[in-house]
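According to TrEMBL, the protein carries these features:
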type	residues	note
DOMAIN	41-296	domain 'G-protein coupled receptors family 1 profile'
TRANSMEM	25-50	transmembrane segment
TRANSMEM	62-80	transmembrane segment
TRANSMEM	100-123	transmembrane segment
TRANSMEM	144-162	transmembrane segment
TRANSMEM	182-203	transmembrane segment
TRANSMEM	244-270	transmembrane segment
TRANSMEM	276-298	transmembrane segment
Amino acid sequence: MPNASSWSASSPLLLLWEDSSGTRIFLSLLYAVLAISGTLSNVMVIYLVFSFKKLQTTSNAFIVNGCAADLSVCALWMPQEAVLGLLPPNSSSLRSAEYRLLRGGLLGLGLTVSLASHLLVAFNRYVLITKLPSVYQALYQRRHTGCMIGLSWALALLPVPLLPGLWTLGSAQSDGSSRYTALLLALAVLGQTALLLHCYLGIVRRVRGSAKRVSVLNFHLLHQLPFPAAPPPPRRAQRRLSSVSVLLLCCVFLLGTQPLVWVSLLGFFLRPAPPALQAASWLLLCSLSALNPLLYTWRSEEFRRAARSVLPRGEGPAAAPRSAAAGPA
C-alpha cells in the first residue's frame, strides 16, 4: 500500500487510497464516459451558436467561452487520465514531473475559465433583467464583451507557477505551502459562488416583483451583441421565469463546486480529509465540464430547434442556419 507522499505524487487519476486495479479501471471508464459525452456536448453547443444567428447573443458568447474551456478538460485532460489509469502504478509516465505539470495546466486552465464563464453568464443575465436597456447596451458592447472573455483566459494563466501544488490532489498532506494554495483556491471558488448566487437571486426577486415575465435561461432579447447584423428580437422574447430551471442550475453548480471548497477548508484548518472524499470532490468538480452545455441549453427552445435541424433527419447543417436567420414564421 503506498504512503501518503507517494500516492499524492504519482496518482494521475485522483485515485482512492488503496490504488487497486479495480478502482483504476472503474475511474478510467468513468473518465472515458465523461470525456466522450462532454466533448460531444461542448462541440455541439459551439457549432450551433456559430451556425445559427438566433443563438448569437451576448449570453451565449459567454456560454461558448465556457464550452471552449470545458473542452480543455473533456477533450484533452480526461482522455489522458483514462489511459494513464490503465498503466501500472510504477509507470514512468506517472512519475514524470513535466508531464504531471502539463496535465495540471490543462485541468487548471479549463476549470478556471469555465468557472469564470459561469459568473460572466450570471452577471450578464443580472444586468439584462435588473438594469435599464441603455445600461446593458453600454456595458455589453462588442469590444467590452471580447475584453471580458479575454480577461477570463488571462486570469487563468496567472497561477501557472502554482500549478504543481494547486491542481495536485493530496499535496496538502506533505507540502505546507500547498495548504495555503488550496486555501486560496477554496476562497476564490467560494467568492465566485457567492457572486453567482447573488446574481440569480437578484433576478428572481426582480422578476417576481415585476409584471414583466422574462425567461432567464432562454435569452432572445438583445441580439446585436457581440455579433454584428443580428436579427430583431423574436415575438416570444418575454416568457415566464422558470424557477425550477434556475434552482436546478444553482443546485448542480453548488453540488459540483462546494464539496472541494469545504474539503480544502477542512484540510487547512483541521486535518486532511480522507483520500476517497478528496477524490470524490475533485470528480464532482471535473464532471461540471461535461454537464455545463446541457445545464445552459436544455430549457432553450431555440437550442432544441437548432439541434434537431442538424440531426441526420433534420434539415441538414447547410440549410439550417439560413432558415434560422430568416426569423420565426
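Note that Cβ sites are derived from N, Cα and C of the backbone, with glycine treated the same way.
Contact between the transmembrane segment (100-123) and the transmembrane segment (276-298) holds: at least three of their C-beta pairs are under 8 Å, each pair 6 or more apart in sequence. Taking the domain 'G-protein coupled receptors family 1 profile' (41-296) as a whole, pLDDT averages 77 in the prediction.
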